[in-house]
Structure formats: structure tokens, C-alpha cells
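Okay, so here's the structure we're looking at.
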């Protein structure tokens, strides 16, 4: 496992554009009640830099990059959502874009391990949030809010479930996606409560800090996604059913052992192996190079 110093040296330079664009956003800090094209640009730049970050860690149509592709598409949907939410009358459209982003993140995180306890807590919080916020909504939002909240908390459930502290089956990248999922829910909760329940002081700053931190955490989870995929592939291969070639080899080894027991009647042990090769149809039909280096004669391996 890489040390924290190695991680910082490897990942840190690629995140410089993200931190710079976040700084630009808060330096300019255009209020949400003043929509403009400039507001769209400075709001979207940090997530665009995270898209570049994901791409720098490799991208292809291969299965080893399936996780990265889904995170990348989630970030792209988030950029569209950010742009649409600059204008208040495009709130529903922005919500739809973020709904797609959450579905893509869920697809990336997967459904194993299941973790029913985290699911219970997540959906209870979703129900509580809807109970408090839906009465203050109207029209399409009153229908869309429960749907989005359910999908959002499903994403949180899957992000948190990836971290298995008690089994010690976790990595720093999984921890980042876990924190990212939780912070995404915090950011969206601040938006909902500020809009439909009560006014929250400094809401815009709090919303954007938690939002950018959430997207950063989710983006960092791609750093070792390819290595994790290859490790899981090796693991599944090592525990899978033996291939026909391996089965034949094992059978041939069994025949060699059986013949070698009778080869003690011969003075030359190699004659016993040659006798086996002349009678074992599997060896003559499909000779394997491994058999040449795996001879068992008189209980010894040659």
C-alpha cells in the first residue's frame, strides 16, 4: 500500500487546477441571486478540473475502466446541473441532471457489500427530510423532491457500504468516496432546507464548500480503481473452477503416479514414465509442456 507521502506526490499536482478554480469561485463569489454567464463559468470550473483529473488517471472502453467511466459521466452530468441551477427557473432541469449523476455514481459503487444497517439509516434520514421539506414545496418539485432524495440517499448508502472497517477491507480511495457521498447529501440538504424550510446564514458558501469537497472525494476514488479491478479479477480467477487444461494436467499427474508405483519393477525409472506416456491417451492426445516438468516417479517429483 502506498504511503501518504507517495499519494500526495502522485495525486497532488493533478489537483492544483481544482484548488485554484475553487479559490477563484470564492474570491469572485457571485451571489446566487445574480445569475450570469460568468457565474456559470466560475461555478463549473472546479468540477471541469475534476473531469480532467479523472481523465489523467486513464480512460478507455475496457472493463478495467468501467468505474472511472461512470464517475466521469457523473461529473459531466453535475456540470450541466451546476449550470442550470444558476437560474432559478431551471431548478427542476438542474435537479434532473443531478439525478442522473447520482444514478451513475450508484452504478459505479455497485451493490456489494449490501450492508442493511447503512441502508436503514439512509432511508430513515431520507424519509425524515421529505417529511420536513415536502410541505413547503409545490408543483413538480413536490413530486421530484422525494424521488431525488431517495436516489441521493441510495448513493450515500452505497458509498458508505464500500468501507468495511471491521473487516479491514478498505482503502483511502474508498474512504474518500464515502466522505464524498456523505458531503453530497449534506450539501443538498442545505439547499433544500434553505429553500423550503428556513433561511440558513451563509448558505451559498456552506453549500458550495460541501459540494466541491463531495465531488473531490468521489473523484479521488478513481485513483486505484483499475488496480482494484485487476486484483478482484486475479482473486476470482484463483478461486474459480480449474480449467479443462488444468484438470487434464491433474489427471495426467494421477496417471503418472499410478504408473510410477509399478515402475519399481524396472531398473530405469524413466522407462516407467515412458510406459505411462505410451498408454495415457490424454498425454498423447494433448501433451502439455507442464507435464514435462512435473513427473512423479516412485513418489518423487522430477
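Cβ coordinates come from backbone N, Cα and C, glycine included.
Which of 116-134, 211-229 counts as transmembrane segment depends on TrEMBL, and there it is 116-134.
Your range for transmembrane segment, going by TrEMBL and the list 74-92, 93-111, is 93-111. Long-range contacts of the transmembrane segment (172-193) within its own chain (CB-CB distance under 8 A, at least 6 residues past either end) are made by residues 7, 98, 105, 109, 125, 129, 132-133, 145, 148, 152-153, 155-156, 158-160, 162-163, 200, 203, 206-208, 210-211, 213-225, 228.
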